[in-house]
Amino acid sequence: MGAMAYSLLFCLLLAHLGLGEVGASLDPPGRPDSPRERTPRGKQHGQQLPRASAPDPSIPWSRSTDGTILAQKLAEEVPVDVASYLYTGDFHQLKRANCSGRYELAGLPGKSPSLASSHPSLHGALDTLTHATNFLNMMLQSNKSREQTVQDDLQWYQALVRSLLEGEPSISRAAITFSTESLSTPAPQVFLQATREESRILLQDLSSSAHHLANATLETEWFHGLRRKWRPHLHRRGSNQGPRGLGHSWRRRDGLGGDRSHVKWSPPYLECENGSYKPGWLVTLSAAFYGLQPNLVPEFRGVMKVDISLQKVDIDQCSSDGWFSGTHKCHLNNSECMPIKGLGFVLGAYQCICKAGFYHPRVFSVNNFQRRGPDHHFSGSTKDVSEETHVCLPCREGCPFCADDRPCFVQEDKYLRLAIISFQALCMLLDFVSMLVVYHFRKAKSIRASGLILLETILFGSLLLYFPVVILYFEPSTFRCILLRWARLLGFATVYGTVTLKLHRVLKVFLSRTAQRIPYMTGGRVMRMLAVIVLVVFWFLVGWTSSMCQNLERDILLVGQGQTSDHLTFNMCLIDRWDYMTAVAEFLFLLWGIYLCYAVRTVPSAFHEPRYMAVAVHNELIITAIFHTIRFVLASRLQPDWMLMLYFAHAHLTVTVTIGLLLIPKFSHSSNNPRDDIATEAYEDELDMGRSGSYLNSSINSAWSEHSLDPEDIRDELKKLYAQLEIYKRKKMITNNPHLQKKRCSKKGLGRSIMRRITEIPETVSRQCSKEDKEGTDHSAAKGTGLVRKNPTESSGNTGRPKEESLKNRVFSLKKSHSTYDHVRDQTVESSSLPMESQEEEATENSTLESLSSKKLTQKLKEDSEAESTESVPLVCKSASAHNLSSEKKPGHPRTSMLQKSLSVIASAKEKTLGLAGKTQTLVMEDRAKSQKPKDRETIRKYSNSDNVETIPNSGHMEEPRKPQKSGIMKQQRVSLPTANPDVSSGITQIKDNFDIGEVCPWEVYDLTPGPMPSEPKAQKHVSIAASEVEQNPASFLKEKSYHKSKATEGLYQANHKSIDKTEVCPWEIHSQSLLEDENRLISKTPVLPGRAREENGSQLYTTNMCAGQYEELPHKVVAPKVENENLNQMGDQEKQTSSSVDIIPGSCNSSNNSHQPLTSRAEVCPWEFEPLEQPNAERSVTLPASSALSANKIPGPQK
């Protein structure tokens, strides 16, 4: 019967627990009460508020959170063994302590769990006690229970106490007291207790010993504390409706009840058993239950309590409520308190963790909790009881985390960085000063050879390339990291884009394999191409910057942290994939530059600028490759000082070296005399190249350096170009000299048509002409040479040798030509000699060219005399660009500068000079033909043949020592010339007295104005890139040898071995001057008959002017040597007696033009030049106008 009652009671208790949980969920504490219950409940709360505000003596915990108070109380009030057990949890020390009663931890700081949320491990026991109390309240408040006695319900109470231990394992003991009279008897009538002993539950009835509960002690506080305040804090869930209504309310679970707040908590305590403390801390939870009187007034009936073991309950000293709450010793300003779980009911189960930016002075102490060992005895001193103060020290500045006082960030070397930035600022200042210096010397040849705008652009880009070092001096930021890419890429594109485009321009202009003019790349065009490159780089940088800004919105930072091998951190600009792409782009661009350097390696240039640019590009490629490799591999481990030095070294090994390679040679050459380089190399200056033909010179050299081309093709191309240059020269001459158009010629239109036909010669005809020159030189050269030299001393025995001379002159003029600009001054001769093989067109062409040449004779002689004083170096073989540079200093002469370095031009000049000599001899022989015998001419011819036979073998002997000088640089020697013949001046005076040239040729008055007196030239160097003397001028050399043989007393043969005389370099120069003097003397002594000039000497007059017209195309200083001049004078005297003027004159004039056809009379071409016979003075002036003008300009010649 008892077992069934226990089981039934347990089932009812479980059911009540379930219904109570449902009721609690349906009626939460915060739900507003009904209007009927609001007033009395307000009174109950009004009565409870003063109690809550007053200190409750039953609560042993203070709200103080000071850990020092806890340590002091533990040292002063708590026994040593108990305190040691509280800190260590070692029960062996507790057994050695003696006791007379239980020990409670009362009056210690902390909050009671009853006033706040308790420990989670106590929630089960608390809920079990609350539901059991509410079950008793409902049982005692029913009608039936009120009629029954306590003895009848004893079994039910025993079953209830037993069920508490079985339902919650944390409860070690449960008890219930019951009294029928609430206040009349101090002790309860029933006292039932159930105890857990190992695996079984012991149920005891202690009603007989319940009288000890009447005494108020610490052990009975759980009963007397609830009895003293018998009015419970409970509320009626239903209205008072009498017994019937109460039963109805029971069925509706209405009535008086309690919750967790009605449970009383005792402080932790130790039980004393047999004079010693029982191991294990306990806490008692108690709650009262009430019944109803007959008048339905609540009355106290009893108390139910449970004892809970705390050995598995952790003390949280870091929390704000609970036992020992807030008693930690962590400094909240630099550390955080973190509880340690699973240690049980012991103190100090926490650790102080240093906050970010702080560290503990002892590296191996991570917290201030130290579990004491079992053999450790609590001494009772404050030092041992209290927990050691956990102090966290701040880290070094800038360190978010640290373990000790060592710096976590890399310490920068301030002095090193200051020295680097100072030197970098100095270099940037020097770069800016260099821009000003280059602009100041913008008119210098060295600066103009490279281009002022391009040099300034390179220097400006260098400033941008210097900026990354300045940016890295400061702390990295997002803006500085973006600016770093902008400065690097824009500077690289500007500097090396300009250098590469300059090399590209050299490749385009100098390495053209055709003689056709290509579009010239001026500085403006190069800048436009550079603008395209810079625009592409700028567009990429804009896109990259916008993507970086978008990444910042996605929390993708551009600035990160690196760590060195010493575990020191530093801020750095992160490297992304775009940096790799830009490095590859730089590498490919530099490879293109290296290809251009290889392509232009054979191109000569003033100051060797392409060579220095090639060195700069190769240097940039190598240094940049090393720089990017180190940067990409070691960037995250390279500290800022090393990174700054890396950028510094990269900037100066590339940018500074490039600036030095471009500027230092220019200013170093400016102090020396660069004529050697100017003579052998071509300028790259955009100004000169736009006006000169030196680019063709370089293209010819490059073409000859590649032997894959056929010389015949090059010769054909040159012939076409010469014809085009002749037209250009004539147009420019007429444009700059409008007065030349006043003297019109009836054959002018015919001459223009012939010149147009010359320029349109097909390629096949040109090749046929060149082949005929090689195959049929015996016919043309022998005949032309014989006509030239029909004088007693040179005419015989010269038919074979001139053929070889003509062939050599043609070949060497092509091989050794260094500038096609030289031929611009001599296009009249070249263009007239192009169609020589066409026998039918020669007469018409020569007449047209003679008419044009006769108009410009005086004008050319005046310009040649002026050029003699303005050009510092006579016959300097320098590039056309250098001539343009020198000619720009003399803007008053709108003419082409003097050039003479091509051997082909030198050879043609020699032949024209000999033709002029023949013309002069013709005038002399005309007056002496009547008195001369024919046999004398035969005698002189034999003498000439014998002389030439002796000269030819000696020419081979003289050729050998002169071969090493074929392409070398020869120094011009100063040669003194004899003074002018007084007969010439007398002849000129006589001519001026006889007639007034203004009356006959008023358009030539301006041309007869004598030019400035040429100053004596200094001994200067010039370049002669030519073959030996015999190869370039064999006829002149033979004549010179013959003269040396006949005039051995003068000692000129020995002088030629000691030093190179001017007669060897330019043997035609002195000869021309002597011929002009003899011509003037003959003009003054020999009268001209008008009738004879019309009838017999018509062709002779034309020939004389024709030769003079051709002579205007020669440079002013191309004259015959003195030795040959004297020889010609002797031959002229003999020719007066032996030769016939009618037979000699055509040959002498045609020899210079290689022509064999009869010429048109001058009277037919220019009939207005011949006046009636009644004007002898005018007729005389018309006969030799060119000779008169030539004599007038040649009398005040320079003394050399």
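Cβ coordinates are placed from backbone N, Cα and C, and glycine is handled just like the others.
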Among Ser64, Ser694, Ser832, Ser1148, residue that the record in Swiss-Prot marks as phosphoserine: Ser694
Among Ser381, Ser865, Ser869, Ser886, residue with annotation phosphoserine (source: Swiss-Prot): Ser865
Recorded disulfide partner - Cys573, candidates Cys427, Cys481, Cys597, source Swiss-Prot: Cys481
Disulphide pairing with Cys99 per Swiss-Prot - partner from Cys272, Cys318: Cys272
One of Asp152, Asp153, Asp205, Asp307 listed by Swiss-Prot as binding glycine at the site of Ser172, Arg173, Glu271: Asp307
Distal contacts, the transmembrane segment (577-597) - CB-CB under 8 A, six or more residues away: 485, 489, 492, 496-497, 499-500, 503-504, 506-507, 544, 610, 613-614, 617-618, 620-621, 624-625, 628, 632
Contact call for the transmembrane segment (418-439) and the transmembrane segment (612-633): at least 3 Cβ pairs under 8 Å, seq gap 6+: no
Per-state residue totals over the topological domain 'Extracellular' (634-642) - DSSP helix, strand, coil: 4 helix, 0 strand, 5 coil
C-beta crowding around Cys99 (disulfide bond), within 10 angstroms: 19
Euclidean distance between Cα atoms of Cys272 (disulfide bond) and Cys481 (disulfide bond), Å: 75
Distant-in-sequence neighbours of the topological domain 'Extracellular' (634-642), which means Cβ under 8 A and at least six residues beyond its ends: 410, 412-413, 416-417, 472, 562-565, 568, 570-572, 575
Sequence-remote partners of the topological domain 'Extracellular' (548-576) [C-beta within less than 8 Å, at least six residues beyond its ends]: 407-410, 475-478, 480-482, 484, 631-632, 635-640, 643
Distance [Cα-Cα, Å, rounded] between Cys272 (disulfide bond) and Asn98 (N-linked glycosylation site): 8
Among Cys272, Cys573, which are disulfide-bonded residues, the residue with the most C-beta atoms within 10 angstroms of its C-beta: Cys573
Distant-in-sequence neighbours of the transmembrane segment (452-474), which means Cβ under 8 A and at least six residues beyond its ends: 417, 420-421, 424-425, 427-428, 431-432, 434-435, 438-439, 442, 480, 483-484, 487-488, 490-495, 497-499, 502, 523-524, 526-527, 530, 640, 643-644, 647-648, 651, 654-655, 658-659, 662-663
Within-chain partners of the topological domain 'Extracellular' (475-478) [C-beta distance under 8 Å, separation at least 6 from its ends]: 548, 552, 557-559, 571-573
